[in-house]
Amino acid sequence: MIVTQIAGKIQVIFGPMFSGKTTELIRRIKRFNFANKKCLLIKYSKDTRYNDNIDKSFLVTHDKQNYQAFPCSILEDVKEQAQNYDVIGIDEGQFFPDVVQFSEDLANQGKTVIIAALDGTFQRKPFQSVIDLVSKAEYITKLTAVCMVCYNEAAFSKRIVESDDIELIGGIDKYISVCRGCYNSDQNEGNSTKPSKTARHSHSQSAPSVAPLAVNINPDDHLNNDY
């Protein structure tokens with residue numbers, strides 16, 4: 001008896017703010033589209049940071065790339081619609097309370113699910129749902145940004161406004177990417193790290209360039225399986 005396996009997969013793209021997670025998500029979705037796969041991109045409905053002059057259904061990156069997306073706050077609401085697609089992309093995955101079960105269910109049905117998410121809060125504490133996804137994912141990509149204080153490689157997000165809320169959506173007006181040294185320096189001094197004037201100016205229109213780090217498995221090496 002021959003048993004046919006349905007090749008569903010979960011891909012996780014994580015890292016700090018301004019590391020290019022959404023840009024990488026859109027790149028992969030475009031690539032699957034080029035391979036004649038039906039793709040659905042889902043965005044967090046409360047994230048409208050860059051939608052001032054564009055429809056709120058579009059997902060917009062820090063450097064103003066945009067892509068048509070379906071906005072929602074609970075993934076279960078779009079689960080039935082997702083059945084009609086081969087590939088499902090999810091941006092800001094850390095904010096969806098049901099992201100783990102949603103991704104696992106669809107992957108078990110033969111879908112490819114790609115999640116872009118922060119791996120930690122501004123306090124460097126993990127988002128548990130993202131950690132849970134790692135144990136269920138076939139492909140994991142960790143991205144880094146550029147430190148907006150010293151220009152070294154940055155693995156952490158630092159909040160520069162006064163708020164203890166975990167969910168505080170914003171761009172460079174509320175966050176900067178920092179390296180370990182600059183993050184710890186701020187903690188020791190007990191005040192908010194501020195990007196240099198040069199850093200703030202140079203990053204006002206676009207995010208720092210992406211610096212991939214510790215890529216465990218590159219999905220591009222598995223074209224025959226994914227397409």
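Glycine residues also receive a Cβ, built from the backbone N, Cα and C atoms like all the rest.
The active site, proton acceptor feature in Swiss-Prot is assigned to Glu92. DSSP assigns Glu92 (active site, proton acceptor) to coil in the three-state reduction, outside any helix or strand. For Glu92 (active site, proton acceptor), the number of other Cβ atoms no farther than 10 Å from its own Cβ, over all displayed protein chains, is 23.
What Swiss-Prot lists as ATP binding site is 15-22, 47-49, 91-94. Other Cβ atoms within 10 Å of the Cβ of Gln94 (ATP binding site), summed over all protein chains shown, number 23.
Under the three-state DSSP scheme, Tyr175 (substrate binding site) falls in the strand class. Taken from Swiss-Prot, the feature substrate binding site covers Phe122, Ile166, Glu167, Leu168, Ile169, Gly170, Tyr175, and the record attributes it to similarity to another entry.
The Zn(2+) binding site annotation in Swiss-Prot covers Cys147, Cys150, Cys179, Cys182. According to DSSP, Cys182 (Zn(2+) binding site) sits within a helical segment.
Here Swiss-Prot flags 187-196 as compositional bias 'Polar residues'.
Feature annotation from Swiss-Prot assigns region 'Disordered' to 187-227.
Once Cβ contacts within 10 Å are tallied over all protein chains shown, the binding-site residues Met17, Cys150, Cys179, Cys182 are led by Met17.
Comparing Ser19 (ATP binding site) with Cys147 (Zn(2+) binding site), their Cα atoms are 10 Å apart once rounded. In terms of Cα distance, the binding-site residues that sit within 10 Å of Glu92 (active site, proton acceptor) are Lys21, chosen from Lys21, Cys150, Tyr175.
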